[in-house]
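Here is the structure we will look at.
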Amino acid sequence: MFGKLSLDAVPFHEPIVMVTIAGIILGGLALVGLITYFGKWTYLWKEWLTSVDHKRLGIMYIIVAIVMLLRGFADAIMMRSQQALASAGEAGFLPPHHYDQIFTAHGVIMIFFVAMPFVIGLMNLVVPLQIGARDVAFPFLNNLSFWFTVVGVILVNVSLGVGEFAQTGWLAYPPLSGIEYSPGVGVDYWIWSLQLSGIGTTLTGINFFVTILKMRAPGMTMFKMPVFTWASLCANVLIIASFPILTVTVALLTLDRYLGTHFFTNDMGGNMMMYINLIWAWGHPEVYILILPVFGVFSEIAATFSRKRLFGYTSLVWATVCITVLSFIVWLHHFFTMGAGANVNAFFGITTMIIAIPTGVKIFNWLFTMYQGRIVFHSAMLWTIGFIVTFSVGGMTGVLLAVPGADFVLHNSLFLIAHFHNVIIGGVVFGCFAGMTYWWPKAFGFKLNETWGKRAFWFWIIGFFVAFMPLYALGFMGMTRRLSQQIDPQFHTMLMIAASGAVLIALGILCLVIQMYVSIRDRDQNRDLTGDPWGGRTLEWATSSPPPFYNFAVVPHVHERDAFWEMKEKGEAYKKPDHYEEIHMPKNSGAGIVIAAFSTIFGFAMIWHIWWLAIVGFAGMIITWIVKSFDEDVDYYVPVAEIEKLENQHFDEITKAGLKNGN
């Protein structure tokens, strides 16, 4: 009746796991108790869990990302500690099978459930505001996409206490991920968490692609869009083009494991290299899905805090488009050593070097934006400057790895680990923190505490270099990745330095948590009354902070690239409209969370081979979707009186701030 599931699936014999599970359960119970104590369940259901408001969904994405960052970083600390101990001749505190699960879960969590939700959260929060839209093209799909992401998060975390996670590495190469070498449920947890969350990401890509192309404000041509919107558009093109590859690849691996097919096994005509080609044909565009939007974040911040127009807008846009195209013809650089031949390796090595050119164009554009600007060293700007330095180092090591001869020496070494953390942390993570700092007042109506923000930045950037520069040296010294036992003692000093860097990063994360707490506590002292705390240039700053649920009472007409800056220059930024009209808006829907609940049941049942429960979960998903499809009560009109009330409150705050007509 319960398939493979039994009490033996709970790892009672592993104290680290059991303590972690106890902590998660106690934390969850405390949260439920607080919500119940304050009587907030109805509020949460009506205003957040069933919301189709892009801003609230963006905030929820970012909350999920921050929570999972804590989980993913805990894995990182354990890995660094284990390697430091193992290189000193100790056995360490992690048995090999547990260590292997940790490095797999760390990669999966950080890419799929930290970086992706954070980037998509920023897109949700900002893109409709930047283009003058009232919501995304498909509001319900936006809600459903979020909940599919949550399904993946739930399954990954359940694997901690029920069964195990994959021990294969984050991309689950066969034959190790095949049923012969991984007969347990670990790879199945990997499969279903990625497959279900991947559906949500694909829907997000379609949603934002349509939103940006079809819902821009009057007068906003493509080359009047903010750079962040351009970067988001290109990232969503990549999502639409690449995520179906992941879906099909994982589906074929599922068939190998569940039905005994042989797509990726060498016997019966299969080929494991086909899997590796397919997974990286998705995997390398995925890197740019993450990095392109944060390039847009840095573009917005550099212009705002340099107090001048963005340098080289057109070249920035075309560089973004070039990266989007080139990202599909570099994937083989992930496996130069696997026998493709010299000509093939040379082609992909050259394309990898070429893709560095548009990235370099962007870096020089940001530098020239700052040149002769009146730079304000706000914490968002510090993250940007830190990114330029850190990402440049990572980019140069990437070009080095693009040389097949060098890659043969460094493949699967800690040099590679240092390189991709250099670009992911120095690029994506720094960009997400910069974007959170920059747009926090827009989301919540008050600014983040600067003192703690700067402390977080310095701990992060110093910790990063202390943690990862030794790994470059260890890579040259011959240390390969994913070692947990019997590590050469000559590596001990470098591994201890790297572990101390991880501790500094932990302090940086602590500073970020304290920053949010202090900012919420002191929010009344840091209110943003005008909606424009930084002297912004784009349309999101034309609304109140936080914006009303309809975003714009009157959809703005765009005449210049820096639309809001132009309004301020002409003295039109805060003019009261002559009249308002009713606004057409979507209604909230609980169908998304219900479909997600059934999806979680379906995924869990498939992992444990509980076939009757899988049928219940799948049927529940389909029936809910069909019922939702016949629901025609999906929208309403906001009355003029409500709009006037909210807008008058905003104009009163503007008057308090001493602003009038944008001057």
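Placed from the backbone N, Cα and C atoms, the Cβ positions cover glycine too.
Among HIS98, HIS106, HIS378, the residue that Swiss-Prot places alongside TRP170, HIS421, ARG481, ARG482 at the heme b binding site is HIS106. Swiss-Prot assigns MET220 and PHE651 to topological domains bearing the same name, which places both on one side of the membrane. The transmembrane segment (138-161) and the transmembrane segment (271-307) are not in contact, since fewer than 3 Cβ pairs between them lie under 8 Å (pairs 6 or more apart in sequence). If you average pLDDT over the topological domain 'Periplasmic' (478-489) in this model, you get 94.
Residues 238, 241-242, 273, 276-277, 280-281, 283-285, 287-288, 348-349, 351-352, 355, 401-402, 404, 407-408, 411 of the same chain sit 6 or more residues outside the topological domain 'Periplasmic' (327-340) yet have a Cβ under 8 Å from a Cβ within it.
Here the binding-site residues are HIS106, HIS284, HIS421, ARG482; the one with the fewest Cβ atoms within 10 Å of its Cβ is ARG482.
Within the same chain, residues 16, 102, 483-489, 491-492, 495-496, 498-499 sit at least 6 positions outside the topological domain 'Periplasmic' (81-95) and bring their C-beta atoms closer than 8 Å to a C-beta of that stretch. Taking only the Cα positions, the spacing between HIS334 (Cu(2+) binding site) and TRP170 (heme b binding site) is 14 angstrom.
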